Amino acid sequence: MFSDIRGLNVWTYARMLTVVVLALCSIHSGYGQTCTEGFAYDRRARVCVDIDECRTVPDACRGDMQCVNQNGGYLCIPRGLYSQPTYPRGDPYPLQPPPAPPVAPSYPVVSRSAPCLLGYTLAEDGTCHDMDECETDSHQCNPTQVCINTAGGYTCSCTEGYWLVGGQCQDIDECRYGYCQQLCANVPGSYSCSCNPGFLLNPDSRTCQDVDECEDNPCAHGCFNTYGSYMCSCEEGFELASDGTTCNDLDECGFSEFLCQHRCVNTPGSFQCHCPAGYYLYEDGRSCEDINECETGNNTCTTAQVCFNFQGGYTCLDLLKCDPPYVELSDNQCMCSAENPACRDRPFTILYRHMDLSSGRSVPADIFQMQATTRYPGAFYIFQIKGPGNEGREFYMRQTSNVSATLVLSRPIKGPRELVLDLEMVTVNNVINFRGSSIIRLTIYVSEHPY
């Protein structure tokens, strides 16, 4: 081995034995290009070019060491060795060939006196072995750097997550480069990704996936999963509470007093309408309809009585009994004969009628009609309310023709109440000098409710 290099000078020999670690650069499109340690990105040429650390790094080599730039790094060698004659790069020999070396024997010769280059040490067998400067702590790396042994030398580098800036290893802020999908926390030499509430970190420790919170049934009624969250819904008749998960019953009865015709009862998620006694709930679920107890047979009237139904109730009417001097003309009419002296100045007939009236009925309202059944030539008729029953002047008669009139309700009446009105029809005939009258005794049953 030594016989082949005797014609070379020391510098050429050092160049042959020194292994220079070449670094590859990683180029990305846009403005986020990065290169490995010892290189810088040239935007114009779009390649990674070597950094001359001997110029850019202050005191790259200390003591009597000379800095020699290498591709991707640099070497520190003694100045005496560096000052030996050099030759143009790429030409291992000078312009004048060196003196011819002596003829080497045909068998290997080991020379124990041959010195080793810098970075190597002479072994017992006479060969030169690489010296591990990193292990012997004879390197010149800064405390922030990591020593990496090379053949015949060493390299000062930085651990993962750091880069070399001005001869010092500084932490790389990975969060600036969007390594995390959502949240990123930079830590010395590394970074940590996390997710917003409603997401879970995927096994790649970078991306986040949505959490389906509805699987845990967080809502009292319905749940709808959204990206990163969820929404609760309530069934009909309920509203979402302030906590966003539970549902409160809506009091529909408090919304309007007209929801039910009579009384509204709130129930969980709904409401029910109730009707008073004597009524049933109509098919619309809100209105109240009168129960005709006389038709259903649900009454207490005897066979000797007549059942009369009115709104919300009924009454049992006894059979007609005419007070003297009246005699019964029919089942609802009494007559006082003209031949009877006691009937003078008395109504000729009394007809009994019954009707019902809703409490608080709107006014004015025509509620009953009266008409003469017998007409006499030259006669005219007067219609009026006679006797008690109209003390509050809730009624009056309006004549609609020569032989008819209508009973008008002029003021609302609140029930329950029972009124008896004598509606008189006076017949006057001046030709025969006749004046007589007939009465309809009208009993009005005013209901307790306005329906």
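Glycine is treated like the rest: Cβ placed from N, Cα and C.
The signal peptide annotation in TrEMBL covers 1-32.
As annotated by TrEMBL, domain 'EGF-like' applies to 130-170 (among others). Across the domain 'EGF-like' (130-170), the prediction's mean pLDDT works out to 88.
The domain 'EGF-like' feature in TrEMBL is assigned to 171-209 (among others).
Listed by sequence, the residues of this chain that lie at least six past the ends of the domain 'EGF-like' (210-248) yet keep a Cβ under 8 A from its Cβ atoms are 196-200, 268-270. Per TrEMBL, the feature domain 'EGF-like' maps to 210-248 (among others).
Broken down with DSSP, the domain 'EGF-like' (249-289) shows 3 helix, 16 strand, 22 coil. Marked as domain 'EGF-like' by TrEMBL: 249-289 (among others).
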Are there residues at least six beyond either end of the domain 'EGF-like' (171-209) with Cβ under 8 Å to its Cβ atoms? List them, or say none. 32, 159-163, 227-230
